[in-house]
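Before any comments, here is the structure.
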C-alpha cells in the first residue's frame, strides 16, 4: 500500500496565522470538500484542491461540519453555540442555537434529520419541523454517528460513555468504557458496509484504544491498543478499511477488525480529522497547523501463481487461494499485513512484517484446497521478491539471492552482476529445483537450489521483464524492456523469432510448440513458425495450460478458455495432420474436430481421422474407416476407391462417381445413384443394356416414388418392372379398385399368388363381385364358398353347394349359426339338419335356454325348451341307437318347457307392480306348478315365489284353509328379505279367517266326479281314479277331457277313420228339452225322465274298480270309436316314434282348441284372444297362418 499526495493546502487567516482544521465533510458525489477552519467554512474542489468559496456566518471557531446524504444541504457547528444549515449552492438558509458550543453534527442517512450536539444537550432538527427538539445529557458530547438505517444515533461522551438513542432521542443502550472519565470518547463511527448482518460501531477513546461494539452494546473482539490519542476515526465507503488520526501526527490505515496496516502521510502537528472520499481510495486529512492534504492510496497486487493455483492478498490481511480450473476458493486469515506471497506445488509461503508462514496442502488430491501450517520462520526480512520451493524459500534483495530452509537457516547465497528483474521456479526434484533468473543487464541464468554456481543460459542486449521456458526445456521466451517477445533455442542460443507488443509471455505446458503473449489489449497465440493469431484481451498472461490461458487483470485472475482452432487450421493447411491432432487435443470445438477428421480422411491419414471421429462420436465415419482398414488388410490398395467412398459419405456424389469410374467400379456408382434416387445420373452408368440392371433400376425408382408419396406412379413402375405383387399391394392399400381389376384381368390364371392377393384386396374393399370373379378365374371354389358365407350371400352359396355337395358343411353350418344368432331357430334347425349337425343344433339351443333362465326370461326359456324337446324327438327318429336317451330328453324338456311357461306368470306377479292375470288364473297356475315340481326345483324357479303367490290368491279367493297351510309351508323355507315382512304379516292375519275353503274353487275329476284337495300329494292326477288332469295352457283350469287308449290291433289311421264315420244317434241335447206353448207364453222344460236317457258306450268305459292304487286307463274298441263324434275327440298327432294321444270331451258345450304344433289345449275364447294379441301360439310361437294350416 502506498499513499501518493494529490494536493496539499495550508489554511491561514488574513493575518497569515495558521488556522486549525477541526472537521471535514465530503459532498456525497465526492466533487466538493467542506472544511471547518478557524471561524470560517471553506469549500474546496477535490479534483485539484482549489478553494471554491469561503463561507462566513459563524463568529467563533467552527468545530464540526456534516453533509446530508441526498447532497441537498450541509451543516456547520461552532463555538458561538450556533448551527447553520447551508444549501448545496453554498447559501445559508437556517440558523439555530444551543446553550453551549457545538461539538459535533451528523445527518440521518435516511430521513436527513440533523443531530447537533453541545456540551450539555443534543438537538434533532428536520426540514419538516419548525422547532428543534433538544435533550439534556449528563456529560459533554464529543462525537456522534447515525446507523445505516437511520434508526439509532450513537453519542460519544467525555466521561467515557457511549449512549445509543432512537430517532426520538430516547436512550436504548449505554456502553461504559473501562477507563471511565480517564478515557474520554473522542470519535465514533458506524461501519457503512451493507454486507454485514450486524451494525458495528468503531469507538476511539483517549485511553489510546480502538474498540468495536454491536448495536446491542456487546463488544466485538478485544480492544486494540493504538499508542496515541485518537482524534478521528473514519470508514471507507464499503467498510473494508478504517483510517485513524491523532496525536501521532499521521493517519494510520486499519482493517475493519482493527489490524494496523500502515501509515498515510506523516505531518508536523496533530491530525484532528481525516475522511475518505466516497466510493474511492482518496483520503483527506486536516491538521492543527492548518495543513489540508489529499492523498491517493494505491493498493499493490500481492500474489503468486503455480499452474492452476493462484494465491492473492485480500483486505490486506487475508490470503485467498483460487483453483483456476474448478473455481474453488479458500481464505486464509493472517490477521496481519500480508507483504509477499509465493506458491509452488503443494507449498504456500506468506510473508508478514515479523514472520514468514509456510503452508502445505492437507492431501495429495489435485483438487484439495485445505492448507495447514507446516513451518513458521519468526524473523523480519526485507526483500523485493519471494519464491518458495519444496524445502526452501528464496529471498531476492536487489542483486542478491538467498536460499533459506524452512527453519530460517541460510543455506546458500548467489550474487548477480545486475539487479534481478524476474525469478521463476521451473520445477525439478524436491530440494533440487531449478530457478530461472532474468537480470536488468539482459543476462538470463539458471540456478539450482542445491548448486552454488549459477549457469548462464544466454545474454541479450536489453533488460529482462518476463521469462518462461517451454515444456521440454528446449526453448526460452523472453519479454524485454522494449515490450518485444524473443524466443531462443537454448541449445544453440539462436534467436528463433521475435514479436512486438508483449508485456508478458507463457509457454503451453501441454504442447512444446505453442506459446502466448499479451500486450496492447491483445492476446497473441503462436504455434511453431506460423503467423501469430490475435484476439482482444485485457490484462497480463501469466500461464497457459492446454486450452486455458490464465490472465491477470488489475486484481482479478481469470482462466480464459481459448479454442485452439486457429493454430490447428494452420497445421491443416500444410497437411500436418498429426501435429494438428495434438493441437486439437488442447481444446477445440466439435466443429473443429469434425473438420480435422474430414481433412485427415481426405488426406487418407486414417489413424488421425479415426481418433478425431471418436472424439465427435461419429459412428458412420468410424464404420467407413473400419471397413477401409479391413479391405487394406485383405490387400485392397486402390486409394481412388477409398477416396471415392469418403466422397460418397461426405455427399460429394459426382466426385465419388468419377473416382469409382476411374477405379473401374461403375457398378458402385450405379448403386450409389440408385440408392440416392438420382435415377437420371444412374442411367449414365447402366452397362451394355443388361435387362436385369434395368429392371432393378426401375424397381428402385418405384420404391422411391412410393416413399415420396407418389404411389400411383410407383404402382405403374412396379408393373412395368414386372413386380406385380408390389403393384397389387400399393393399389390395394390405396383402394384403387380400377387398377386392381386391370391387373387381375391381365394376369394369367397360373399366377395364383398375385391373383389371390387381388381377391384379398377386393374382399377388403367390399367389391365381392370382383373377388368372386378372381376366385372363379383360378378355380378356387373353397375360397369362393368362404367368400359367399362371409358376405352372407346364401343363395349363391346354396347354388354352388348343389353343384358341389362336398362343400355342404362349409355353407350350412355357418348359415345355421347365422340363423341362430338372428333368432330364426326353426330355420337354423333345418340348416343344422341339412348339414347333419343335430348335436350342434341342440348345443346352441341349450345355451340359449340357459341364458334365458339366468336372465329371468322364463317365457323364452319355455319356448327354447320346447324347441329342444322337438329337436330331441327329431334325433330319436333318425338315430335308433340314441332313441331311448333322446325320448327321455324329449319328455324332460317338454316338462321343463311347461314349468317355465307357467313360472313366467308367477315371476311377473312377484317382481312387477301389476299383473294382467285374474286371481283365479294365478291361483290355478301356482297350484299346477306346485304339483309339477319335484324335490329339486329347476334353475331359476323359486318355490317361495310360487307358495307366496298361492297364499295371497287363496286368501283373496276365500280358500283360507289352503292359505294357512301354504303359509305354514313357507315357514320352513329361506325367505328373501323383500317378502319377509309380507309373509309374516300374512301368516298372522290368515288366522283371523275361518279354517275352511270356498267350495266353488274345489277341483273335480271329470272321469270319476271326485272332488280333489287343493294340495294333492299325487300331483296333477285324481286321487281317486288316478286319471291325469288336462289343463288349459292359459288359465290352467281343468278341462273336461279324458284321455283314452286304443285297443291292440287298431292303428291310428283306422281309429281316425272310425271316429270320422260318426254313426247317427239322437242328440241328447235335443232330447232333453221340451217346448210347450199356451197363449202368449213359450216354456222350455228340462225333463230327466227315463225316456230321455240314451246309452253312451264311452261312459261305460270310464268306470273302474274302486280302492285300487293303480291307474286303470280308458281303453276303447272299434264299436266305441264308431259312436264318438269327431268334434268331441281331440288327437295329439305326435310324429314317430311316439304314439298319437286321444282325448274325449265330456262337455261338448265347452269349446276347446288345440294347437296343432305343440298340442297344448286352450279354452277357445282364451286361445283366440292370445292369438290376436301375439299373432302366434302363446306356447310354441308358431305363426297363426302356419298353425291354422
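Placement of Cβ uses the backbone N, Cα and C atoms for every residue, glycine included.
Taken verbatim from Swiss-Prot:
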type	residues	note
REPEAT	16-54	repeat 'WD 1'
REPEAT	57-97	repeat 'WD 2'
REPEAT	99-135	repeat 'WD 3'
REPEAT	137-175	repeat 'WD 4'
REPEAT	180-223	repeat 'WD 5'
REPEAT	225-264	repeat 'WD 6'
REPEAT	266-306	repeat 'WD 7'
REPEAT	459-498	repeat 'WD 8'
Arithmetic mean of per-residue pLDDT over the repeat 'WD 5' (180-223): 92
For the repeat 'WD 1' (16-54), sequence-distant contacts whose Cβ falls under 8 Å of one of its Cβ atoms, 6 or more beyond its ends: 6-10, 60-71, 74, 76, 78, 80, 84, 86, 88, 90, 104, 272-275, 277-280, 282, 284, 286-292, 294
For the repeat 'WD 3' (99-135), distant same-chain residues with Cβ under 8 A (at least six beyond the ends): 23, 60, 63-70, 72-73, 75-83, 85, 141-146, 148-150, 153, 155, 165, 167-169
The repeat 'WD 6' (225-264), counted residue by residue under DSSP: helix, strand, coil: 0 helix, 23 strand, 17 coil
Helix, strand and coil totals (DSSP H, G, I; E, B; other) for the repeat 'WD 5' (180-223): 3 helix, 19 strand, 22 coil
